[in-house]
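Notes follow the structure.
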Amino acid sequence: MSSPDILLPNETPLSVDENMVTDWQPITLTLVEYPKGDLVGKFLAWISLAPLGIGAGFVALILFRRDLHTIVFFLGTLVNECLNILLKHWIKEPRPMSRAQIWTEYGMPSSHSQFMCFFATYVLLFIFIRLHHINNSNSARFERLVRLLVLTICWTAAFLVCFGRIYLLYHTLSQVLIGALVGTVMGALWFLLTHFVLTPYFPMVVLWRVSELFLLRDTTLIPNIMWFEYTVTRHEARARSRKLVSMKSQ
């Protein structure tokens, strides 16, 4: 077998231009650059991937829970993203630093800050308006701590993502602030639309044939869905266990 570096008699060497004919296009959606050796920049680069993680979480929740409110929440993030694309191509303001491999060359408004503020605002209103029922008074303090922790994580992540977009020179301060403002307004409007307009129709939607086909469900009237699912699952598991023991003893 001949070595790869040795040309056979009938072979002709390819020129550099012939080797580079193919135009290679990277998937730049997850590509985030940071100054080499900058640990803060590296940390902020990883934090800026938070919208992708949230999107993956939405997909997982929709696949395994099939809850209408979660689906509508996810649709809201898509509408918010479409609005961001329209604004970017309408305003056409460049980013502070030109990069060869980037998703879009326009930076106004920042899609990352708009997404994170949309998400954090929606969660904030969801907790203070939707989750105001507590059945068990003994767990009231724990419930408040959990909700406070969730809000702290959401808004801290939103701040770090916004700061990171400026630090890593993907956006200017004004681009991030406008993105945060648009995201906050969109998050509030989408929650109000969902809570006051769409939610009353959920009990009717789950009765549709297509909803039964895809196992869609409405958990609006259940104040603590995690506790409800835990108790129902535990009760069902115990019932099946007793039934199994009874069958074995016969």
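Cβ atoms are placed via backbone N, Cα and C, with glycine included.
Per TrEMBL, transmembrane segment is recorded for 43-64 (among others).
What TrEMBL records for 70-191 is domain 'Phosphatidic acid phosphatase type 2/haloperoxidase'. Residue counts for the domain 'Phosphatidic acid phosphatase type 2/haloperoxidase' (70-191) under DSSP, helix first, then strand, then coil, are 92 helix, 2 strand, 28 coil.
Using a Cβ-Cβ cut-off under 8 Å and counting only residues 6 or more beyond its ends in the same chain, the transmembrane segment (71-91) has close neighbours at 54-55, 58-59, 62, 104, 106-109, 111, 114-115, 118-119, 122, 179, 182-183, 186-187, 190, 194, 198, 216. Taken from TrEMBL, the feature transmembrane segment covers 71-91 (among others).
According to TrEMBL, the transmembrane segment annotation covers 111-133 (among others).
TrEMBL lists 145-170 (among others) with the feature transmembrane segment. Within its own chain, the transmembrane segment (145-170) is flanked in space by residues 32-34, 40-41, 44-45, 47-48, 50-51, 95-97, 107, 110, 112-113, 116-117, 119-120, 123-124, 127, 131, 176, 179-180, which lie at least six positions past its ends and keep a Cβ under 8 Å from the stretch.
Residues or ranges marked as transmembrane segment in TrEMBL: 176-198 (among others).
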